[in-house]
Amino acid sequence: DDRSHILAIWPSVASHGADYGGEALYRLFLSNPQTKTYFPNFDFHKDSPQIKAHGKKVVDALTEASKHLDNINGALSKLFDLHAFELRVDPGNFPLLAHHINVTIAVMFPDDKFDIAHHQLDKFLAAVGGSLTSKYR
């Protein structure tokens, strides 16, 4: 069951939000430099406090989504509005970030628990990204 796999692995991710989220953002910025344009004053070095702080925000939002798997849109509506209407983030960036979150979690959890949950985690991140991009229509 997708839900049980997400609920099993996500608390381990959430408890390291700044580290894992920061690592995912660092990988995103390194691999996709065009995404840096939304953060003009950031220090983009690996252990930057700014990257870790924003990474924690990302993981915290995903933690909230994991608690509301039946209503991700409702749970994160204000955040989605912010990204779509105020920040005007290119919706093509969300799948890129989801990929780097997946890679980071795979690196941090090289055991079987993640192997089983990888597909479900990918679907979860795609659902969150899909909900985010729905605001752009």
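Counting begins at 1 with the first residue displayed.
Cβ atoms here come from the backbone N, Cα and C positions, even for glycine.
Copied over from Swiss-Prot:
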DOMAIN    1-137  domain 'Globin'
BINDING   H54  O2 binding site
BINDING   H83  heme b binding site
Practice task
Pick out which of the binding-site residues H54, H83 has the most other Cβ atoms within 10 Å of its own Cβ.
Solution key: H83
Fill in the blank from the handout: The correct DSSP tally for the domain 'Globin' (1-137) reads 106 helix, 0 strand, 31 coil
Problem - H54 (O2 binding site) and the residue listed as 'heme b binding site', Cα-Cα, nearest whole angstrom - result: 14
Practice task
Tell me, roughly as an integer, the mean pLDDT over the domain 'Globin' (1-137).
Solution key: 90
